[in-house]
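Accompanying notes for the structure given below.
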Amino acid sequence: MKFYIRTFGCQMNINESEIMAGLLKEEGFEWTENPKEADIILINSCAVREKAENKMYGAIGGYGKLKDENKNLILGVGGCSAEKERENLLERFKNIDFVFGTRNVVDIGNLVKRALNGKRFADFSDKLNDVNYDIPKMPISKHHAWITIIYGCNKYCSYCIVPYTRGFEKSRPMEDIIREVESYAKKGYKEITFLGQNVDSYGKDFGDKKSKLDLLIQKAAEFDSIKRIWFLTSYPSDITDSLIQTVANEEKAANYFHLPAQSGSNKILKAMNRKYTREEFIELVNKVKKEVANVTVSSDFITGFPSETDEDFEETVDLIKQCRFERINIAEYSPREGTIAYKYQNDDVPKHIKNKRLQYLMELQKRINLEENEKYLEQEVVIIQEGKAGKNGTYMGRTMNNKLIIFESNEELNGEFLKVKVNKITPGPLYGEVVNNLY
């Protein structure tokens, strides 16, 4: 029997889909990239914004048509939307055979077998204690591994559904993570990314309430074949001086931080239940840029959060101008049922104002990007080739500080270190030509 997995959302979802695929292959199922060939279709959903949920609903409808043609087709839905909607999905969509949660992904083999027996069900049991380093996976990349080190989030930002769909923070044992890093190192992997909804909270639940992400990075760096270590996603006020120094001093730690600000207004940050002020955030960015050589910093912002005035928005604009991020992700505020903001804060900023502010920030960031990218012109940079950038024979890779470079190459060099000379800059990627193969 063949299976197909459709993944929406974040890197953690991608990692969990890799795990589900690996477990199903171990059970004797065969993976297919064509849903029309599949006997089992799994949807790994996202609930961060309404748009992501709508994509899931569209997928359910589309695969439901396949089920009309193949009555034996099994359709399962997991991920954050499944955790949020639970049994309602079974009631609303009669073509769904089973629904499962975010903390029992490792039980997917048993869940599929139950579904094959013909009974519809929902299962949201917690199986995180069963997660370990040797769980089978089907990695997308042959050189870059994604490793989830902490599950859940305790922050309860007023707009965010994640604490309700992912649960409380739970860190994996450090020795288990290191054994997983070792397994990838033995396979020749060059890059790893440590994942978590709040990755710099790793280890705080071990007893002393101190983050141990810095120590984890140091231990992972001991493996010779591992050349780059990344981590996503950070919570600004949880970034420690020790972590900054580890990134500054450990040559294998990527000199890149993703620090979601969400707003530049103290009034809005308080309404969002973010645990820092604009002044503290700017101070953190300045500290990172001072301590870590050639570092880049990216961020996230929400436009049109309830009660956001023009003055609040101008404070966000000013923060972006001061911090000069390498990249920003921007989203219009999307009310999420079940969150504090949905219950207690009126969605009072008109849609067209949300979009106008989003477009303004995008144009501002483009100008900043172009100015910041000028220093790379005619410079030689080291990248790892990731794969194709398009259909015209171009490939892409990233520098140690997360600059995206596009160049002509060939598939045989995927996963290899290359030196590329930058000959064109844009507000987005840089363009160049390969100088030589380094390894």
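Cβ from N, Cα, C; glycine included.
Binding of [4Fe-4S] cluster 1 is attributed by Swiss-Prot to CYS10, CYS80, and the same site annotation extends, among CYS46, CYS153, to CYS46. Cβ neighbour count within 10 Å across all protein chains ranks CYS80 highest among the binding-site residues CYS10, CYS80, CYS153, CYS157, CYS160. Sequence-distant contacts of CYS46 ([4Fe-4S] cluster 1 binding site), defined by Cβ-Cβ distance under 8 angstroms and a gap of at least six in the same chain, are PHE8, GLY9, CYS10, ASN13, ALA52, GLU53, LYS55, MET56, GLY79, CYS80, SER81.
Other residues of the chain with a Cβ within 8 Å of the Cβ centroid of CYS153, CYS157, CYS160, the [4Fe-4S] cluster 2 site, are LYS155, TYR156, TYR159, ILE161, VAL162, PRO163, GLN197. Within 8 Å of the centroid of the Cβ atoms of CYS10, CYS46, CYS80, where the record puts [4Fe-4S] cluster 1, the same chain has further Cβ atoms from PHE8, GLY9, MET12, ASN13, SER45, ALA47, VAL48, ALA52, GLY79, SER81, VAL162, THR165.
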